[in-house]
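Quick notes on the structure that follows.
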Amino acid sequence: MSGYVLAIDQGTTSSRAIVYGPDARPIATDQKEISQSFPRPGWVEHDGAEIWQSVLETCRNAIRRAGIEARDIAAIGIANQRETCLIWERSTGRPIHPAIVWQDRRTFNVCEALRADGVVSLVQDRTGLLLDPYFSATKLAWILDNVEGARRAAEAGQLLCGTIDTYVTWMLTGGAVHATDATNASRTSLFNIRENCWDDELLAVFKVPKGLLPEVRDCADDFGQAIAVHFGSEIPIRALAGDQQAALIGQACLTPGMLKSTYGTGCFVVLNTGDQIVRSSNRLLSTIAYRLDGKTTYALEGSIFMAGAAVQWLRDSLKLIKEASETGPLAHLADEQEDVYLVPAFTGLGAPHWNSQARGAIFGLTRATGIAELSRATLESVCYQTRDLLEAMACDYPMEVTGATLRVDGGLSGSDWAMQALADCLGSVIERSQNQEATALGVAALAGSKAGVWPHLASFATNWKAKGRFTPNISTDERARRYRKWRAAVASTLSYAATA
Ligand SMILES: Nc1ncnc2c1ncn2[C@@H]1O[C@H](COP(=O)(O)OP(=O)(O)O)[C@@H](O)[C@H]1O
Ligand SMILES: O=P(O)(O)OC[C@H](O)CO
């Protein structure tokens, strides 16, 4: 065994595997898109078997490309899209229903009924989350209630459940380990973030049997061995973390007050709040940033459902572009006189609005509006939503919105045009990490340090470097004018959603 680390990043749009060398530099990577299905309006599903196959294949390809053997790998770390969950048969590993994805809104009515039962403050107090279909609990209960015989089989101990990290670990270990980490557990609505345990009262409220749930461990911990049949020899699994929390570590935001913004399918701003659970008055989430050696570090999070997904809408639904990367150059060509605003509330609006009923809207269309202007409005919508989050965060925690520095990563952060627009929108400096794959790096750092082949996490803070830097380039008045228009567009969208 030498100091190589294999990071798995199982995201909403794709699975990635990256092999890092002993010096923590990426040396080989592989990526495979996974399909998403939308069986009904507001429903979003993944095929669990496809997820598993894509993870296996990308890992094998990355190891081969790295020119190493499985026995050279000291540890595997797994980061994953959070909240998305599965229930599978204990005996075969076969999921009994497609994974219900974090974006899925099918349990809206269940949440409304629970709201009427008065459990909102119980959920908020114990979990730091809001009562919303976004989180896993109502999704798990939905599967149990809608797959014939599932509740009975669950009570008989024949089924197991988990978020994607747990399923991948189960499959990698050949069914030997049923575990998750504290960050993923904190996104289920079933985990008490103060007591650090599954909460019996919440399990009863959401009707999820405790026997289905995985054991909760530290983020850097012993998660067993990937069995030899997968890669030729056993590889220890030494870290699990939700992708946004892994990116917080990959961006070296390891001290209270540091924050990052990740632009993948959605956008997630996560602020490290240290050992303090900061309760938001602005509908942000209090959540677990990481748990190491039994010590929990907390975070405040703002979640936007549509960032890169809005770009995918231009590509896949409107078919205006062939590649996501076309949007930046197109936006650059947009007519400055056109003042178009897109509110991408395709599955409702996330933080700070949390409105499940809102739907997308475009404002300011003229006969001259074309692909360029729509591309610009799409990329700008991501920037304005980020500002909405930061404005809300600054009311809960002492920090600057304008004049600060924001670390960014994720697929969409690769767009220079979008990152310049973000700097203009916030009036802040945007620093793009030299490791755009901050999620994979973060979970590799956890696994490598646990396996003892990489230095302690703290050294990441001193080695962190920006590769791209974007500084604001518009006047204060123009920034204020555009943001006013955006807020008016959101207000109109919400008011339309409220119309019976
Ligand atoms: N150059 C680009 N310009 C605009 N959007 C991009 C660009 N590159 C990637 N994206 C968007 O970023 C998303 C992919 O980012 P990624 O971090 O891989 O997401 P995830 O982890 O959610 O699978 C896609 O939704 C894609 O539309
Ligand atoms: O797939 P991503 O990277 O957009 O992340 C999804 C989030 O973890 C959902 O909470």
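Just so it is clear, glycine is given a Cβ too, placed from its N, Cα and C backbone atoms.
Heads up, TrEMBL stuff is auto-annotated, nobody curated it.
Across the domain 'Carbohydrate kinase FGGY N-terminal' (4-250), the prediction's mean pLDDT works out to 96. Under the heading domain 'Carbohydrate kinase FGGY N-terminal', TrEMBL lists 4-250.
Residues near Tyr134 (sn-glycerol 3-phosphate binding site) in space but far in sequence (CB under 8 A, at least 6 apart, same chain), listed by position: Glu83, Trp102, Gln103, Ser303, Gly350. Under the heading sn-glycerol 3-phosphate binding site, TrEMBL lists Thr12, Arg82, Glu83, Tyr134, Asp243.
For Gly411 (ADP binding site), the same-chain residues that are 6 or more apart in sequence and have a Cβ closer than 8 Å to its Cβ are Thr13, Tyr263, Gly264, Gly308, Ala324, Gln436. DSSP assigns Gly411 (ADP binding site) to a helical segment in the three-state reduction. Annotation comment: TrEMBL describes Thr12, Arg16, Thr265, Gly308, Gly411 as ADP binding site.
Under the DSSP three-state reduction, Thr265 (ADP binding site) is assigned to coil, being neither helix nor strand. Here TrEMBL flags Thr12, Thr13, Ser14, Thr265, Gly308, Gln312, Gly411 as ATP binding site.
All protein chains included, Asp243 (sn-glycerol 3-phosphate binding site) registers 30 other Cβ atoms within 10 Å of its own Cβ. DSSP assigns Asp243 (sn-glycerol 3-phosphate binding site) to a helix. Look at TrEMBL and you will find Arg82, Glu83, Tyr134, Asp243, Gln244 tagged as glycerol binding site.
Residues or ranges marked as domain 'Carbohydrate kinase FGGY C-terminal' in TrEMBL: 260-448.
Between the CA atoms of Gln244 (glycerol binding site) and Arg82 (sn-glycerol 3-phosphate binding site) there is a gap of 8 Å, rounded to the nearest whole number. There are 16 other Cβ atoms within 10 Å of the Cβ belonging to Ser14 (ATP binding site). When each of the binding-site residues Thr12, Gln312 is scored by how many other Cβ atoms sit within 10 Å of its Cβ, Gln312 comes out lowest. Listed binding-site residues: Thr13, Gln244, Thr265; maximum Cβ neighbour count within 10 Å falls on Gln244.
Neighbour list (Arg16 (ADP binding site), Cβ cut-off 8 Å, at least 6 residues apart, same chain): Ile8, Asp9, Gln10, Thr29, Asp30, Gln31, Thr58, Glu437, Ala440. Comparing Arg82 (sn-glycerol 3-phosphate binding site) with Ser14 (ATP binding site), their Cα atoms are 14 Å apart once rounded.
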